[in-house]
Amino acid sequence: MKDLSHYGPALCVKFYNDYVLAGYGPFIHVYDYHSATLINKCRLFHYNKVHGLSLSSEGKILAYGARSVTIVELEDVLKKESLVDFERINSDWITGATFSFDNLQIYLLTCYNKVLICDLNCEVLFRKSLGGERSILYSGIIKVFGPDKVYVNAGTVMGGVIIWDLFSETKIHNLLGHEGSIFYVNLSNNGRYVASCSDDRSIRLWDLETGKQLSVGWSHTARIWNLMFFDNDSKLISVSEDCTCRVWNIIESRENVAELSISNVYEVHLIKSIWGVDVKDDEMIAVTSGNDGRLKLIDLLQLKRHGDEETSFSLDDIAKQCGDIFEKNESIKGFQWFSFGVIAITSLGKILKYSDVTKQWKLLLTNEKFNSYPITNGIQTQNIAVFSNNKSDILLIKFSKDSADIIETEEFHLDELSKTNNCLVTEYDDDSFLLTLQSPNPREKFVCLEISLQNLKIKSKHCFNKPENFSSSCLTSFRNHILVGSRFSTLVIYNLLDESEEPFIIRRLSPGDTTTSIEFVEDKDNSAVFSVTNRDGYYVFIELTKNSLEEGPYRLSYKVLHSNKMMKGFLEGAFFNSKGEYITYGFKSSLFYLYNETNCYELASEVCGGSHRLWNLAKITDGHVLMYIKASRFHLRKIYNSIVPETLENGVHGREIRDISICPVSNTNTNDNFKDGHIFCTASEDTTIKLGYFNNRTGKVQNFWTQRKHVSGLQRCQFINHKLMISSSAREELFLWELNDKYNKRPYMTIRQALPVSTNNSDLRIMDFDVKFISQSGDFLLVTVYSDSTIKIWHYRENQNKFDLIMQGRYKTCCLFNVVFIALKEELLVVISPTDGHLVVYNITEYVPFSVDPISGDLVDHKLDATISNLPAPVAQLPVHQSGVKSLDYVANATRTSATILTGGDDNGLGLSNLKLDDSNKVTLKTSDFIAAAASSTITSGMLINGGKEVITTSVDQVIRAWEITAGKLSLVDKKRTTVADTGSLEIISNDEDADSEKTLLIGGVGLSIWKK
């Protein structure tokens, strides 16, 4: 068994020249941070994780973690796979380590506040300690100021920060003020300040000379794990359990007085804990590493790097530049960004231009027709501004690329509408754009104008009937159709070639209200995919298909491919960037956000004011520009693309992975994009399901979506065929998901149905489930087991998309961990594994309206009516384990007369049992082998592979074991330690027809590892 890739907690991170070095389990990863290229992955320790790194100016790396320490050359780390031979084991836990001033020795700080001075072979030369102190340390660093000046900064578990001189072994200060353990301490390079963070969520700044507390910084909402000084000791950067990275200014008001002031907050990791942080001072770039395995680069000069990121003007400022005077209550009522700058309109019809080159405002013209509720739109790529009012007047202005000239203007009135309350525009084809007008009168038509891009003349006019409760909010075009978003999560599709054709209406697309954006995504054959967002946080991907009819041209149909909900407040729109990542934007309270939904991190944020805000977001060459009015000032905020890659690793879940499932390969799948690997799902304690893809050869994982439908930690997820997946969790949540992977750019996944719950406020957990498909049908039988010992059997009907309960009962009063259907001969058996250590078998053949095909084992539907029946008594019970049976797998023999059952338990045991039907179909269940100490802790997963001849097990002791089965007996053939903590889930891709073929193992827990066997 060999490692292919690993994603898990990254505990430390350091910049070194053009590299970023990160501690990933027992490995160190080296990246070129300018290109986000992983240069090498080198193993430093046998078992322990790398907790900290120190780098010498000569290219040596000092790494430590738990009791392990090693010194290696950077050149070797860049080229070699393993350097574990250099690992040395210390007698005590190491909390900090660094090189001496001349780089000829190292200092190791242990958890007992002792320092070991070692040579470069890690041999101890001297031991230093502080007399009279018996503190246990949670953290600590050693700060080297010179050959004879070395300070030890010890963060104790009892809330004190002890600073002592290494060579004189004398105490300098015991800084008291924190409540709870000290998680990190740091000293400024100039020797003036000490900064500490702790369990109490505060950062405290101390004067090193006097020991006086200078300032307390409150901002983090959870424990703070790490901090450091940067920018000539004028700033602090801190990272926390709250997944934010925060920057603090140290404001010196007078001598020996300094204040901590929060400067920036970056939401950069998932769910729980950022562990490491470092700053490259000369470029002002930070890197963070977290529990989710992400390595995130942060541009600390996001608001200053280009010099024109933030601009604002009052109406007086604009008036001075224009040489014009605005009326007392006049205000800006609309604005649009173009290649040259901004075009804006005031409440009295004054049209203004702001040049992004000269930074000057100019009054272009005044049109008093547009002093009545003006609406501003534009075709940004063509520099065409569109103004409308509530009296159905339209003004079009086309500018030259440099805005020096107005090329064309056109003004017209629409007689078809008595009043207008909304105007929308969208690009159409190479020669024209579309403009739609809506009247508040429900009896009046919805008007769509096709307008020439060259002379701004109306080329054609379309008047459509409006559906009931129609209120247009967004618009896009596709071929000869327009798609109009409306309130009540409604989408209306009009055919521009036939005004008399009834519109195609999609109602209640999501539970939210106003549709905020519609974007074309991709198409294939006769189908096209659109992204639809909703202000209440929902986004949906729909597939529109043209179905040819014998009579008439075609008929439209739609299907929801993907649905999800943002957790960021109001959602105003979304788009895909050049990397294929889904970017969303909107408002959370008064904060505007730009968010990478694919990889789950914030790109930018801006405080924008209240709910009735006037704003606009536009694309520019190297980013976006946000325009908004706040406190009567017009603000321009340019959000540039980062000068460095956003991430070096995207990571996985923020908390442990409970289950993994690989999608079986479909014989009908014609998409070649996923042929080098597999689509798979991970279900996590963080309540989310991630849909991703891994490459078979490299093990590289790409995430596509993070589903948030569950409200509690996941228990199980399982693909039941190549297009359906089931997930379960607490609160009796069980969802049936449908996968669509026919499109070229990404797969999609949406909920098809939810299992009915027993009560409105259930707290039961669905521990496991299994399905049995009905032959030549999409229908299946589903068995679910619950934490209160309940067993339920359901019939899913595909054509009705409905779960019907057909059987229920209880085992005893203990929790049920696992369940499987086993079809032997013509009998359908249900096997459960409860917490009492037994295997329990039920024969339900006579109680379900199906029979079993003895050859294939599939169910045969006899179209019989089913009533809810009680679960029959067990036909066999076998005590296999002393306590809970945590894993269950089986393989039936070729004749389907018996099955081999594998169990792993809380008692560290591994059991092999034989389930058999005799000639009279009586069930016998016997243990064929049991290994009492198959692991040193709970066996969490076990899988039979190679037709039941081999076994792979995972256990909490972080050891993966491979076993062989010979004549019904288990024998250990291989074992290897994994760096995934809380090892719980296992999934294997293998070819049972070829025993010698390579097998791919996915191992989940706190992290994800991909192995080959």
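Glycine too: its Cβ is placed from the backbone N, Cα and C atoms.
Sequence annotations record features per position, and here Swiss-Prot assigns region 'Interacts with TRM7' to 48-223 (among others) based on experimental evidence.
For the region 'Interacts with TRM7' (658-938), the predicted model reports an average pLDDT of 93. The region 'Interacts with TRM7' annotation in Swiss-Prot covers 658-938 (among others) and is backed by experimental evidence.
Through the fold, the repeat 'WD 6' (269-308) approaches residues 7-15, 20, 22-24, 29, 31, 33, 225-228, 230-232, 237-241, 243-245, 247, 356, 599-601, 604, 638, 640, 642-655, 686, 1006-1008 of its own chain, all at least 6 residues removed from its boundaries and within a Cβ separation under 8 Å. The repeat 'WD 6' annotation in Swiss-Prot covers 269-308.
The repeat 'WD 9' annotation in Swiss-Prot covers 652-702.
Swiss-Prot lists 761-804 with the feature repeat 'WD 11'.
Panel annotation: around the repeat 'WD 15' (975-1013), residues 1-9, 24-27, 46-47, 49, 291, 293, 652, 655-662, 678, 680, 682, 694, 696, 699, 701, 940-943, 945-947, 949, 952-962 of the same chain, lying at least six beyond its termini, place a Cβ under 8 Å from a Cβ of the stretch. The repeat 'WD 15' annotation in Swiss-Prot covers 975-1013.
For the repeat 'WD 11' (761-804), same-chain residues at least 6 beyond its ends with a Cβ under 8 Å from one of its own Cβ atoms are 712, 715-716, 718, 720-721, 726, 728-734, 736, 752-753, 755, 810-821, 823, 828, 830, 832, 834, 842, 844, 848-850, 853, 856, 858-861, 866, 871.
Helix, strand and coil content of the repeat 'WD 11' (761-804), in residues and according to DSSP, is 0 helix, 27 strand, 17 coil. Per-class residue totals from DSSP over the repeat 'WD 15' (975-1013), listed helix then strand then coil: 0 helix, 25 strand, 14 coil.
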